[in-house]
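Enquirer: Dumping the structure here so I can ask a few things about it.
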Amino acid sequence: MQTRPITMDFIHELISYFYWYFRPIIKGFLRLTTRLCELQRICYGEPKGGPRTCGVENSMILSRDPDIVKVIKSLDEQISVGAFKSTQTEKEVLVNAVNTILVTKRIKRDLHRQFEVSLRHCLRQIWGYKQLVQEVEKLRSEGFDSENLEHERTLLQLWALLQPGIPLTTRKTKQWQNIGFQGEDPKTDFRGMGTLGLENLIYFAREYNSTAKHILSHSHHPKHGYSFAIVGINLTHMAYRLLNEGCAKSHMFNVTDAKATLDHFHHLYSYLFVEFDKFWLSEKPRDIMEFNRIRDLFENNVRTLLAEPTTCLKIHIAVENV
Amino acid sequence: MGLLSILRKLKSSPDRELRILLLGLDNAGKTTILKQLASEETTHITPTQGFNIKSVQSDGFKLNVWDIGGQRKIRPYWRNYFENTDILIYVIDSADTKRFEETGHELQELLCEDKLNEVPLLIFANKQDLIGAAAASNIAEGLGLHQIKDRAWQIQACSASSGEGVKDGMEWVCKTVKK
């Protein structure tokens, strides 16, 4: 019983070692026979979006070509200065990177126009994702601060979106518990997710207002209820992990023809909220103490979906009358 | 990985297991203490909906630590976790002076529970790194800890985010159980 996984591990390791060792030879052989380099084979052979962009990224990461390594390094450096936030600088950076690759791979530009366009698009998606990771981290690391007028304004806006027509009696009030905060002041509930948690919630409440209100009403269920905002902040953590670990790549490369932005992250969050609510109710939990167990099951399902390079998560909103 | 786990299995002597219950108001720092005990990252914590559990090895013990959410709505579920508890750890946010009364009240209720009878009590006076944090001695006095006669108890100043003081508290736990 015990030995089997160990031999499997060993075989797996052996295969990956051989693969690493013989990869250049296999690549060289394919290059000779197809007269295309690996990046070209991917760009011509794989469908646009997740399959192609993930393929290009893997190929570049595995590459031992010093010029490719240099391209990766210089693009990574551009992320730290925020080059992918402006269309102009992004374009310049990408043209340079593609040129370097064309030269080092000795690819004739006139013959492979399509490759050039396709590769640039992939690079834009790959490093756009990295820029997004950085942007999201910036929001997360900014703690919620009740002295910050902007933070306070957003928080009050969240209330107004979820509880229209019901004014808050004071800033610190038990009313906050109606939308699922823990106590009288939501400020301590954002914790390690900082303003990212608030930005996620406000996006969901604004862009999918009726759905959010409907889910809020589910969260008030006497038996299967939960704390809307607190669960929301836990889902922010889930979305954040999926993004940071790179699991969200397949979805992000498929959801848009361009590169993923902050709005796409909020959209992923909204998807998680809608689907989690459905999943939670379908599991018929005994009480709220089952939250971690059900969240883990749900997260596993999402990870399985995302493991597929063609996955594009869509928000299915059932039309229901409350 | 494979070899390591085999070695670990060969070596492992049956550690004594301890069931530790971590309670306190919301935002007291229970989950941060739990993560600190397990030597995990403490910067990405979210409010606990339900409970968390972790097993950590310490000083020849296998500590099964149950961290139950402190939100008022969840407190009625605390009692579901009382059974077979070896140690009760109660966490207080030392800077949240406005809720000292509330936290004292919850603690008093716990001390009256039959199922927690004679269970040793460790109080973490957490968040000592914050400005305005009350000293552990003041908290002990405010809570009337000195009137506790029916169990071993200890109050330990700590900062869960930096980890300071957490180890000292756990040393007391292991020492108390060995007696």
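Along the chain as shown, residues are numbered 1 onward.
In case you wondered, yes, glycine gets a Cβ from its N, Cα and C as well.
Unlike curated records, TrEMBL annotations are generated automatically.
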Enquirer: Per TrEMBL, what member of B:Gly70, B:Gly169 joins B:Gly24, B:Leu25, B:Asp26, B:Asn27, B:Ala28, B:Gly29, B:Lys30, B:Thr31, B:Asn126, B:Lys127, B:Gln128, B:Asp129 in binding GTP at one site?
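Expert: Same GTP site in TrEMBL: B:Gly70.
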Enquirer: Would you kindly determine which binding-site residues in the set B:Ala28, B:Lys30, B:Thr31, B:Lys127, B:Asp129 have their Cβ under 8 angstroms from any Cβ of chain A, listing them in sequence order or replying 'none'?
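Expert: Cβ contacts with chain A under 8 Å: none.
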Enquirer: For B:Thr48 (Mg(2+) binding site) and B:Gly70 (GTP binding site), what Cα-Cα distance in Å is obtained after rounding to a whole number?
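Expert: That comes out at 8 Å between the alpha carbons.
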Enquirer: Which of B:Lys30, B:Lys127 has the fewest nearby Cβ atoms, counting only those within 10 Å, among these binding-site residues?
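Expert: Relative to the other binding-site residues in B:Lys30, B:Lys127, B:Lys127 has the fewest Cβ atoms within 10 Å.
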Enquirer: Tell me the coarse DSSP state (helix, strand, coil) of B:Gly24 (GTP binding site).
Expert: strand
Enquirer: In DSSP terms, helix, strand or coil for B:Asp129 (GTP binding site)?
Expert: coil
